[in-house]
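The feature transmembrane segment is assigned by Swiss-Prot to 3-23, 30-50, 55-75, 80-100, 117-137, 168-188, 270-290, 300-320, 330-350, 369-389, 390-410, 458-478 (among others).
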Amino acid sequence: MENLALTTLLLPFIGALVVSFSPQRRAAEWGVLFAALTTLCMLSLISAFYQADKVAVTLTLVNVGDVALFGLVIDRVSTLILFVVVFLGLLVTIYSTGYLTDKNREHPHNGTNRYYAFLLVFIGAMAGLVLSSTLLGQLLFFEITGGCSWALISYYQSDKAQRSALKALLITHIGSLGLYLAAATLFLQTGTFALSAMSELHGDARYLVYGGILFAAWGKSAQLPMQAWLPDAMEAPTPISAYLHAASMVKVGVYIFARAIIDGGNIPHVIGGVGMVMALVTILYGFLMYLPQQDMKRLLAWSTITQLGWMFFGLSLSIFGSRLALEGSIAYIVNHAFAKSLFFLVAGALSYSCGTRLLPRLRGVLHTLPLPGVGFCVAALAITGVPPFNGFFSKFPLFAAGFALSVEYWILLPAMILLMIESVASFAWFIRWFGRVVPGKPSEAVADAAPLPGSMRLVLIVLIVMSLISSVIAATWLQ
């Protein structure tokens with residue numbers, strides 16, 4: 001398993017080098033090839049882990065004396081999230097080969113070596129972060145994802161794109177200071193950077209380590225007060241918005257917080273309390289910011305901020321003893337990644353074909369572009385938690401856990417009621433836009449829509465299927 005894990009981690013970086021020095025006309029082909037090879041290695045790793053009865057393995061790769069600097073953790077959670085980030089990386093790379101062409105009506109632009117190279121580096125960095133068994137390893141890949149996000153958000157090189165990229169880099173880097181604090185404190189208290197050593201922390205050191213990780217998580221996952229970068233990051237090409245801002249980069253914060261909870265053991269309840277309060281505030285504020293949005297990608301960005309808030313709320317609940325909340329939150333990472341990626345790529349399909357992503361200009365999509373129309377419907381129902389789509393099987397465990405804990409912690413009851421109201425209101429708002437955009441007589445922009453390339457259609461079909469079955473995959477794997 002060690003060799004498979006290392007190969008999965010290193011292949012995207014090797015691919016980025018190959019893409020960088022290849023002729024531009026071959027960049028997309030090399031990008032897809034290395035993303036596919038990485039996916040095959042990832043699936044082989046998961047198969048080997050399954051055949052070993054899913055017994056967790058921790059491997060130290062770099063150490064100085066007894067100090068673990070870098071290592072790998074292969075367990076049910078890391079392999080599940082690895083599947084998400086690598087498989088979606090492949091889908092986004094395939095989608096990009098159709099989207100980044102001169103036939104794109106919104107952005108007629110052929111994909112370059114730079115695009116595919118940074119996308120591959122990002123896939124590798126996400127694999128490295130998910131598999132890291134030390135805080136130092138997490139920190140390294142945390143920073144690499146930040147650098148890649150700057151390069152990819154600014155890809156079109158407009159003034160607005162460059163400002164948005166710099167804003168994302170600065171805010172997420174401010175968040176990373178929390179991870180530096182956590183790593184330094186962990187080392188000073190335990191003599192190692194291993195995540196497993198967090199269970200040995202006592203006294204004030206616990207607050208510094210877990211508080212630092214939570215602060216870093218807020219920055220990377222666009223939670224209040226560091227949410228401002230994500231809506232502006234929609235200047236990126238839409239496949240990048242789908243991968244970075246729905247499936248991978250924004251999940252980094254949630255994942256490192258979840259990993260700390262899994263490995264930490266005795267976490268101060270004040271960390272859980274602060275996490276819940278800030279998550280609740282983010283969810284409610286994010287919903288209010290839905291209301292004025294007419295740009296489909298900005299609407300989805302604010303939706304992502306609220307959905308990430310749900311994940312932080314569930315993880316914070318788990319600190320008070322709810323195993324159901326922990327597993328529900330991890331499943332939420334998986335299910336939201338597929339459903340929201342679908343939604344973003346539907347937005348990309350509409351902008352490619354119609355030349356706009358402004359919702360008031362889109363009508364009658366189902367008549368002219370049936371596949372994006374179906375995708376819009378499935379994604380809207382999935383992210384708002386309607387059965388039988390995957391989002392329902394993420395939200396329901398969090399509601400069950402929250403109401404169960406409210407018997408012991410009465411303050412949770414009004415919080416859960418507020419979350420129920422937000423959930424229903426969010427459903428109503430997306431159904432409102434669905435009714436305006438998908439059925440009816442096609443608007444001028446939609447009536448004149450160009451056909452979608454086969455690569456884009458293929459990815460939309462796969463994501464529609466995954467929006468139905470990913471919850472089954474997550475629940476089965478975590479058992």
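Counting starts with 1 at the first residue shown.
Cβ from N, Cα, C; glycine included.
Values in this document were obtained by computation on a predicted structure and should not be read as measured data.
Stretch with the most C-beta contacts under 8 angstroms to the transmembrane segment (270-290), considering only 3-23, 30-50, 80-100, 300-320, 330-350: 300-320. Packing against the transmembrane segment (80-100) from elsewhere in the chain are residues 8, 12, 28, 31-32, 35-36, 38-39, 42-43, 45-46, 109-111, 115-116, 119-120, 122-123, 126-127, 130-131, 237-240, 242-243, 247-248, 251, 255, 330, 333-334, 337-338, 341, 345, 348, 352, 452-456, 458-459, 462-463, 474, 477-478: each is 6 or more residues past its ends and has a CB under 8 Å from a CB in it. Listed by sequence, the residues of this chain that lie at least six past the ends of the transmembrane segment (458-478) yet keep a Cβ under 8 A from its Cβ atoms are 76-77, 79-80, 91-92, 94-95, 327, 330-331, 334-335, 337-339, 341-342, 345-346, 349, 371-372, 374-375, 378-379, 382, 388-390, 392-394. Within the chain carrying the transmembrane segment (3-23), a Cβ under 8 angstroms from the stretch's Cβ atoms is held by residues 30-31, 33-35, 37-38, 41-42, 44-45, 48, 59, 61, 72, 74, 82, 86, 89, 113-114, 116-118, 120-121, 123-124, 127-128, 131, all 6 or more beyond its ends. Within its own chain, the transmembrane segment (300-320) has Cβ neighbours under 8 Å at 217, 221-223, 227, 230-231, 233-234, 241, 245-246, 250-251, 253-254, 257-258, 261, 267, 269, 271-276, 278-280, 282-283, 286-287, 289-290, 293, 326, 328-329, 332-333, 336, 340, 343-344, 347, 383, 394-395, 397-398, 401-402, 405, 408-409, 412, 419, 422, 426, 430, counting only residues six or more beyond its boundaries.
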